[in-house]
Amino acid sequence: MSNYIGAIDQGTTSTRFIVFDHGGRIVSVAQKEHEQIFPQPGWVEHDANEIWRRTREVIAEALEKRALSASDLAAIGITNQRETTVVWDRLSGEPVYNALVWQDTRTAAAVAELARDGGADRFRAQTGLPLATYFSALKIGWILDNVPAVRARAEAGDILFGNIDTFLLWNLTGGLHLTDCTNASRTHLMNLQTLDWDDELLAAFRIPRAMLPRIVSSSEVYGNATLASVAGVPIAGILGDQQAALVGQTCFHAGEAKNTYGTGCFLLMNTGTKPTPSKHGMLTTVAYRFATQPAVYALEGSVAITGALVQWVRDNFGLIEKSSDIEVLARTVKDNGGVYFVPAFSGLYAPYWKDNARGVIAGLTRYTNKGHLARAVLEATAFQTREVVEAMEKDSAIALETLRTDGGMVSNDLLMQFQSDILDRPVVRPAVQETTALGAAYAAGLAVGFFQDTDDLRSRWSVDHTWKPQMEPERRQELYSFWKKAVTRSFDWL
């Protein structure tokens, strides 16, 4: 049996290929960035061909580093930036336009138009999602309506759509047109109950069914690679990036949750085999589906600005020289000195969804110094995470016992301790922190017998560090009450 599993981790700014062993340990990794294209304010594009080129390069580089070949890989999994939309020619494989990235907001007018009849939650019952520029359906529509002749060609079956997972699979396998249910659940076109494209949604968004990939599970052998460097290796797992992190953290039981701390935060909670509708600002989404087993669902809460706030005080404020300095500066004081920083630079995401909120620093006095500001910056991430956890608990009627964490900010011990304190829950950092790629590797490995089952995966997952609450309940409530007061000051600024 081959000794390793490969994972393609295609993100918003870069592409990586990581090789894992049976223990889930990293054997080799290669990474390359790709260009961010900004044709107009609010428009964000990627060159899909460049992403495919970078994917080929990192696969070859990671294998070469350890003198590995295709025969050393039992399977390859794919994880990807979700919602980003590629439309290409069925015969040539050439994209008809750049990929429209999940951050792209050019479809805002179309969102408003659709929301006139039924509001932002018009399709939430079928999809678990509010109307937003975020999701794929309106991005597909924009390409169909703005690139000459593409709509007619799509209706004739000559044009294909896929998110990045589908485009990579198409190229890796010589033409397989598939997507998994986690990615499909972010298009605004899949029905959460049937796990299939919904005719009512296709009609509302004016998307031809002929251009859509077939929806499959997150863990099965889709086909074998035809790319020379990995020829013959089964492609056997696909998960959207945040769902992949949930799998990588082995959150396989209802009520288990992970939070990814990056530029923003993405918190997903496993809610079991039935979709849980949200009345508290969460998204309902597919967590994963392994082979023929029932789909498992999740609630998702996203926070727009967390790590980006540290970057902002570094670059715009000059408070620190490098991002890691924020913890050192924050440790120069024993608390936040009554200062609260609400980073609503472009509004607030979950659970508020207020586009007209703007950033606020509250509680300033002459006593305030740089250390207090640094504390307030870090604590903002923890406070926002608590708000999302509380909303999820209300929606799911499940109490979170432990929060598993990953992402760049989890190296900040001060933040992780404060997160545990303000949640009044243990916070855990895993030994392998590349959880997104690990989740894709787990999904692929399950499909080919490299891993036996989810119990096997849980036995391989291990803890690097656990933080436990140390704060008095009265102090916890006092801090959170002032945070809630500061948040209200950011509302309705515009």
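A Cβ is built for glycine as well, from the same backbone N, Cα and C atoms used for every other residue.
For the glycerol site, Swiss-Prot lists Arg82, Glu83, Asp241, Gln242; matching the candidates Tyr4, Tyr134, Tyr297 against that entry yields Tyr134. The candidate list Gly118, Gly162, Gly174, Gly408 contains one residue that Swiss-Prot assigns to the ATP site with Thr12, Thr13, Ser14, Thr263, Gly307, Gln311, namely Gly408.
Taking Arg82, Glu83, Asp241, Gln311 as the binding-site residues under consideration, the smallest Cα distance to Thr263 (ADP binding site) is found for Gln311. Among the listed binding-site residues, namely Thr13, Ser14, Gln242, Gln311, Asn412, the Cβ with the most fellow Cβ atoms inside 10 Å is that of Gln242. Taken over all pairs of the listed ADP-binding residues (Thr12, Arg16, Thr263, Gly307, Gly408, Asn412), the Cα spread reaches a maximum of 24 Å, rounded to the nearest whole number. Within the same chain, residues at least 6 positions away in sequence whose Cβ sits under 8 Å from that of Arg82 (sn-glycerol 3-phosphate binding site) are Trp102, Asn163, Thr182, Asn183, Arg186, Gly240, Asp241, Gln242.
Counting Cβ atoms from all protein chains shown, Asp241 (sn-glycerol 3-phosphate binding site) has 25 others lying within 10 Å of its own Cβ. Of all Cα pairs drawn from Arg82, Glu83, Tyr134, Asp241, Gln242, which the record names as binding glycerol, the longest spans 15 Å. Gly307 (ADP binding site) falls within a helical segment according to DSSP.
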